[in-house]
Structures are given as structure tokens and as C-alpha cells.
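After the C-alpha cells below, expect a handful of questions from me.
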Amino acid sequence: MAFLSMQGVTLNLGGKPLLDAADFSVETGERLCLIGRNGAGKSSLLALLGGQMQPDSGIIIRPGTQIGQMPQDVPENWRGSVFSLVAEALGEEGKALAAAHAGTGHDTATHSADAAPAATSGSNDAAGHEAGLHMASDWERYGEVLAVINHLELDPDAEFASLSGGTKRRVALARALVCSEDLILDEPTNHLDLATITWLENFLLRKARTLIFVSHDRAFSKRLATRVVEIDRGKLHSYSCGFDRYPERREERLATEERAFALFDKKLAQEEVWIRQGIKARRTRNMGRVRALEALRAERAERRDKQGNVRMAAQEAGRSGKLVIEADNVTFGYPGKPPLFSEFSTIIQRGDRVGLIGDNGTGKTTLLRVLLGELAPTEGTAQLGTNLQISYFDQLRESLNPEESVMDSVAEGNDVVTVGGNTRHVAGYLQDFLFTPDRLRLPVKALSGGERNRLLLAKLFTRPSNVLVLDEPTNDLDVETLELLEELLADYSGTVLIVSHDRSFLDNLVTSVIALEGDGKAHEYVGAYTDWLRQRSTPVQEKKTEEKNGRANYQTDQQPSDKPRRRNFKEQREFDLLTKELEALPERMDALEQEQENLETALADPELFTKDPAAFTRTTERLTALEEEQTELLLRWETVEQRLEELS
């Protein structure tokens, strides 16, 4: 049975229709990924499905049940604390939860993220009863709401008005997650760190019944989507496959479309030749054929050709020196607080592509600023190399004037820009970034999130550089533009520093990772994101440094600094058992990873849910349990290695 459907829907917001007599349906239990170019109408379609917008024509059939919705833009009229706003999505039940929360004088530091306050003090119980939480299920619901808030790293007692834009979006996500099993989510991973994205994936696999979402995060889409629907030139195209097979299926569709257009154009050309033939032919022509030609002309005029790809080219300055950044035992912290990171040393050389990862608040951007000399470390030294020309993506974001036009934002009031040593008119240059002439004089504030990021890239690449610093460059970019950006950065001969929560982007680009793992240390790993996941299960082998001639001299000790201590009988027995366990752990982890791969392959089959819903449920539940087993095994692995180190 269709959960949501629409028939013959047209939506026109000026210019060409975003939807042109489009048909669409979602079955209960599907997890549907909506994809399309920036400006194609993805967010507008979600707003139509959720009832925030009405179509110009056509029918939309919605369920009678509530849908949890996370819009692209957070409503400006939301007021109150984070908890009250999230609970408000539950209606009358939410009012009771909010009253109980206020009555308990809740302190977020005193409750587990996953526990309901059922075992709080007697005064809290009384407050809860006065607020209407009489049943154990009421407190269980309270705990569920609080768990979602805490997992999204929100302070339940913070005033919404005081929050940043990214934090407000997390509040909107929390509201959607608590109120329904049926969800419509617009870019839910924006402003989430890697750990929270993983939690969200597991939550949706476990809790969501029907899910419609838009996301630029390809790893997120690959894990969740059971079907892909693409908005392309006003039409909706459905692909009954997971996200990983979507590009191949899309190419097949476009090839079929291209062949059909070629046949159509050939027929039209033949008819145009016929109508233009000499007097003799025109005397004998039949009016039916003339009318058919007019219909062909009208159909061709209505055709919307496929939008081209962004054409990006970075302006590379002269080569930098071999050494780009050298940090020696840098520590940074704010007065009265523990250091964000301490005693971190690294050498970044020309051509390195380094990813900085970590949870929100661990200090990624701060470390980046210390390495670039924008912040002085509390201790240690950070030295830049020679002949560096640095372009900084995030600083450009802050410099965008919302009232300035698109053209003026890039050309700074001029008509031309210099790119690669050549002078180009700014309008032509911006067309490379898919800005059509009708959008060049729009103010920046009228652009979508994806268009703003394309504008930032256009500004970035007018500046010669040999070091690119990109802080969350992938937000709101469509998949095609994202892949083109990856290609450009892969071919860039300079040095690239990237802060990103996009796992696929990191895996495809970086050659090393600096991870802030919340322990007050920054750890460096060889490889990309997936390599970091593998390596972080083992204790970090910190580089040993010594001062010599004022510079850090990195050495590997060939001899241990301490002699192995003698073990008594009990310790030797423990050492032998742990050694055997450690030898078996890689094989156990490989088996779990193989089972996970098999389960994900099974879930990628769009027919599994319709053919065998019970098998679909069992597979999803086993996948969730499997991830918990992997986490426990990694923790055990680390514990075993640490204990063996103590016994050595």
C-alpha cells in the first residue's frame, strides 16, 4: 500500500517548472533517497510531500498518521528551551513531558543519555506525577526524548534563540526523530560529526518505518537507501536499487534518452526538409503532415536539455617549498579549561592531502588555525614553510555579503576576473559553475545552500594558491559537483588540508588523517577515513621527539627504554591467555565484517522488503546487533593490548 503518492503534480516558482506533471509514490517501509542537481527542486518536493507547500496543479495523497519532518530551513518562530521544542512535536504528550522536565530541575550532567529518570529522587518523582507522568511508559518516553537530544549533542535546557544555525538544525532533526516512525529529512547529516552520523544511521535502521531523505553524504545514502528517486528537468525518475548502483542505472537511462532524442531530431529534420521543398512539393503536401510537423516543433521547443556539469579549475601558484608546516609539541587550550590538544607534532610536506576529523567541539578548526599560524599555541611551535600561497574556503564563507549580487561577490564590482592567467568576463566564468544569466544579479541571500557553496568555489578558484584549506566544503553540494570537486583536488599538485565529516570524500582524497579523539590529544594516521577506523582500535604509538639544534628530531627507538619485568606465575598465565586471545581477534573481526557486508548486500535488494518483510526485519535487526558486537570487540581488542603492554 502506498504511504504517500502524488499524481500529475506541477510546481512553478518562476522560470521553468520544478515539477512538470510529475507522478510519485512511496510504499510503507521504503527508505527513499531523493537526489538531483542543486536547484532541481528536492527541498520543494519534500515540502510538498510534508504539506508545507501546495502544488500549482495535481493531487497529493498523504497518510492520516503524523510524519516527522526536518525542513531545510528552521522556522523563525520557534521559542523556548531545546527540550520543550523537541517534546512539542509530540502534541499533548509532549506538553506533559516538558512540564515534567521543568519540574525535575533536570541537570543534563546527572542522567545517562539512554536512561529515563525513573530512579530519580522522591521529589523528582512527585514533580513528574504532578506534571502527568504517572505510568512507567511515560517515563520511558521521557527517556527516549532525552536520549535523542543527548545523542545529537544538544543541551536540553539551552534557549533555542541563543543557538547557532547548525545547532538549531540539530534541534529540528531531534523533533522529527521523536515524533514519528515515518520521516521526511532534508540534509540530516549537515552539522553532525562522524560519531553522531553513525548513531543516526543506526537509529534510522532500527526505528524508522518509512523514510524519505535528501543527503549529500554518499556513505549515509549507500547505507540507508532501498530506492533512489531523481529529480531531473521537472520529472521524477525511480531507480529500484540502492545508492551504490544508482550511477550505473542513471547512465543507462540517459543513454536511452539520448537515443530517443536523436531519433526524434532526425525525424524533425526530415520533416523540415520536406516543408521547405520546392513549389511542386508544396502543392501536393497534405495538411495532416503539416500539423504533425507543428506538433513536433512544439514538442522540441518544450524539451529541457540536460544541464551541463560544473567546470572547475584551480589556479595553481608557483611551487611552495618542500616543507609546508612543521609543528613541534604544540598544545592549545583556553584559560581555565583543559587543553583541546597537547604535545602534537607533525610535518606536512608539499603535495600532502591531510584530513582533520573528530567530534564537534574537539578542536579541529582550532588545530587548523594553530598549524596555519593564525593562533599562537599555548606551548610548542608551529612553523610555516616558504613561498606559500594559501586559499582558505571557510574564510570566504564568512566574507560573503548576503546583500551583494552573485556577480559582484566574485568579481568585487568588476566585469572581469583573471583565471589561469586569462581574463574572462565574470558572467562566462560563473556559467562554468552553473549560474545561469537570470541568477547573476540575485543577492547572495536568495541562493540555496548548494548554490552558495558553488559560489564559494568560484571565488576560491580565482585566487592562485599552492595550499588549499577546505573547512566542510561538501555541505549542500549535489553528488555530481561533489565528484568533480574530488577529481579537481586529486589532480591538484599543491597541498590540501580538509576538515570534513563526509566519509566518502575523505576516503577518495586524503593520504593521512589527523584525528582529535576527545582524549586531549591529536593523533596522526597514515591513510584515509577507513584506514583510521581500522587503526584506531590499536593503542596510539606516539612519536618520540627530542630537541636538537632548535628543531624536532623524530627517532624510532630500536631498544626498549625499560627492561621487561619478571612476571609471577599468575601474571604469566594471564599473559599467555591474552596473547592467544589477541591472535584470534583479527579473524573474529574479519568474520563480523564479512557478515556485515553480506547483510548490507541483502538490504540493498529493493525486492527484499516486498517479498519477505520478516526477513527484511530480521536482517536489519541483525545488522544493528552486529555493529554493537564490532564495537564491543574493538573495545576488547584495545583492553587486551593495553593489559599485555602492562604485563610486558
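In case you wondered, yes, glycine gets a Cβ from its N, Cα and C as well.
Note that TrEMBL annotation is computational and uncurated.
Annotation source TrEMBL lists domain 'ABC transporter' at 4-258, 325-543. The annotation ATP 1 binding site is assigned in TrEMBL to G36, R37, N38, G39, A40, G41, K42, S43. Sequence annotations record features per position, and here TrEMBL assigns compositional bias 'Low complexity' to 97-122. Sequence annotations record features per position, and here TrEMBL assigns region 'Disordered' to 97-129, 537-570. What TrEMBL records for G358, D359, N360, G361, T362, G363, K364, T365 is ATP 2 binding site. Annotation source TrEMBL lists compositional bias 'Basic and acidic residues' at 541-550. The compositional bias 'Polar residues' feature in TrEMBL is assigned to 552-561. Annotated coiled coil per TrEMBL: 575-602, in sequence order.
Explain the structural surroundings of these features, please.
Its own atom aside, the Cβ of S43 (ATP 1 binding site) has 23 Cβ atoms within 10 angstroms in the protein chains shown. DSSP gives S43 (ATP 1 binding site) a helix state.
Same-chain residues at least 6 positions away in sequence with a Cβ under 8 Å from that of G363 (ATP 2 binding site) are, in sequence order, F332, L340, F341, L516, A522.
A Cβ distance under 8 Å defines the sequence-distant neighbours of the coiled coil (575-602), meaning residues of its chain 6+ beyond its ends; these are 223, 567, 608, 619, 622-623, 626-627, 629-630, 633-634, 636-637, 640-641, 643-644, 647.
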Determine which residues of this chain, when G358, D359, N360, G361, T362, G363, K364, T365 are set aside, have a Cβ within 8 Å of the centroid of the ATP 2 site's Cβ atoms, and list them as they appear in the sequence.
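Everything else in range on the chain: D193, L340, T366, L516.
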So of all those binding-site residues, G358, N360, G361, T365, which one's Cα sits nearest to G41 (ATP 1 binding site)?
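Closest candidate to G41 (ATP 1 binding site), judged by Cα separation, is N360.
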Expressed to the nearest Å, what is the distance separating G358 (ATP 2 binding site) and A40 (ATP 1 binding site) at their Cα atoms?
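Per the Cα atoms, G358 (ATP 2 binding site) and A40 (ATP 1 binding site) stand 32 Å apart.
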If you count Cβ atoms within 10 Å of the Cβ of T362 (ATP 2 binding site), leaving out that atom itself, what do you get?
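Result for T362 (ATP 2 binding site): 21 other Cβ atoms within 10 Å.
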Which of these binding-site residues has the least crowded Cβ, counting other Cβ atoms within 10 Å: R37, K42, K364?
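Sparsest of the binding-site residues R37, K42, K364 by Cβ contacts within 10 Å: R37.
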Under a three-state reduction of DSSP output, how is T362 (ATP 2 binding site) classified: helix, strand, or coil?
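Going by the DSSP assignment, T362 (ATP 2 binding site) belongs to neither helix nor strand, so it counts as coil.
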